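Annotated in Swiss-Prot:
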COMPBIAS  242-255  compositional bias 'Basic and acidic residues'
CROSSLNK  34  SUMO2 cross-link
CROSSLNK  249  SUMO2 cross-link
MOD_RES   34  N6-acetyllysine
MOD_RES   56  N6-acetyllysine
MOD_RES   155  ADP-ribosyltyrosine
MOD_RES   249  N6-acetyllysine
MOD_RES   256  phosphotyrosine
């Protein structure tokens, strides 16, 4: 007889028993995502995170999460082609307090503006706000026909393009350099910077569809809870402790005994 395991006998043993299926969502909690006070609608959604367990704290898993939300959802408007990025900077109870992290135009809007028979002019600039945020702003604009123009095309000369680009950079630098982040975001919501550029460039060549198409966050200053609470309109005095940071579970061996102290 061949020496070896009899597979038929061991088939119904412990090895073949199915593991108990645990629902992964039973170990997770829902947190509300709160937008800063610049926007009309503050509660923008919920996010999921694994509960605090041992040294792994739930709020640490939430900090740094980036949420991309359409401006239509912020302002309760049907038509909006701007997307704002918000980053979680702190967790208070079951609320994730976010801050501005960037802006972008939707792809369909960008594609709808690019057409034949006109010149597309783009510019970008790196600017620092008064409260220490370094932003990179991208601007785009398109030439349009003069009044009473018969010719089909409206192409700008290279010299005019350079002048318009210079004007774009000047206005973007001026608008951001003299304001803090909150005021810059308030200007980005209606895109007053794009309208200012359009007015200023009319004397060089008539423009239309002038937008700040993208804003990137390059550097942020050291985190201050007081400033974040001001952005959320809750004042600087906030002594709330995070609900999940009450204590961390410490693993001990079964036969663990504390060391004997020589003196008390």
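Placed from the backbone N, Cα and C atoms, the Cβ positions cover glycine too.
Fair warning: this is a prediction, and the values are worked out from it, not measured in the lab.
This view paints the features noted in Swiss-Prot onto the structure.
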residue : record              : DSSP class
34      : SUMO2 cross-link    : strand
56      : N6-acetyllysine     : strand
155     : ADP-ribosyltyrosine : coil
Least buried by Cβ count (within 10 Å) of the recorded positions 34, 56:
56
Could you give the Cα-Cα distance between residue 34 (SUMO2 cross-link) and residue 56 (N6-acetyllysine), in whole Å?
23
Protein Cβ atoms within 10 Å of residue 155 (ADP-ribosyltyrosine), excluding its own:
12
